[in-house]
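Heads up: the structure comes next, in structure tokens.
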């Protein structure tokens, strides 16, 4: 029993495989679980168990994803693998599987291909912080110079999208041979695991980040003042803390004079908890759903941003027709809808259901946001798209 308890104290890190179709992402995923379970314990997963990915719904979007888990001596990894290219696009944009780092699989026999580039770009847009490269199928390439050339191409491609191409770990291996148990190739999987352990820093837990609470409801309690409720997204709020009310209106400062949960007064509210926060001197009409309470200076309100968007297909309950420039839907951030206008990239006249597209959005009210914030695009309460803030303009 004590061993089980010990395992749970290991840091949890979320990773995933990305890369071009048929370059060996799923085979590598199977090889990692197999080799690591042999060396460090845990469950091995066969290729076909991973390849028959179950359908999931994230924000109404159908995504096929496989989740596997494995351990190294120092960490516990949750790893996502998607069977199809469209699944990757949806997964990365909706943040259904947030990645602390990604393993980019490139077949040495092909070198970088169109989806290799697209996944790196998406990784940059949606805020995947670290990429490690697994150069696969190296057992099929005898020419050392060719391997060096492919490696150089991959490094250049990463640098093009602002990843540190020159410093990125590249492991040369063969997922298939490792899966078949050949010692020299198994060694490469252990090398990859070591790169994950050392190159991807331990993710900062939500509770250690600056306090943020999306406001869901506002009440006036006679004799006590104004209470806002919501689920603490990150950080800790303590009685007596000064906070800012950010978004929609001018940013205002106030002090939290009480934190309550299930009608009980507490000293603090923590990430993941549903709380009510009593605010000193704030009037009921000065605050509304859609704003956030945040640690002063930790987040700012913005109206204009670049985003990466996936437009739901008709089958997913999305639009049946394309939209054009001048489209004015609602953008749903955290707890509220804000109307916005869009600009499409040069040369793009229309966007079809099922497309993913880069678009510039201009909202009619500012919303508290930072890069990587997810949102939904809605028309009259119906979700027609999902997006992520890639870059703040103003």
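From the backbone N, Cα and C atoms, a Cβ is placed for every residue, glycine too.
Note that the structure is predicted; figures quoted are calculated from it, not measured.
Here Swiss-Prot flags 10-204 as domain 'tr-type G'.
Here Swiss-Prot flags 19-26 as region 'G1'. According to DSSP, the secondary structure content of the region 'G1' (19-26) in residues is 2 helix, 1 strand, 5 coil.
Distant neighbours of the region 'G3' (81-84): 16-17, 21, 25-26, 29, 50-51, 53, 63-66, 68, 91; these residues of the same chain sit at least 6 beyond its ends, with a Cβ under 8 Å from one of its Cβ atoms. The feature region 'G3' is assigned by Swiss-Prot to 81-84.
The predicted model assigns the region 'G4' (136-139) a mean pLDDT of 98. What Swiss-Prot records for 136-139 is region 'G4'.
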The answer for the region 'G4' (136-139), taking Cβ pairs under 8 Å and residues 6+ beyond its ends, is 23-24, 27-28, 105-109, 147, 172-177, 185
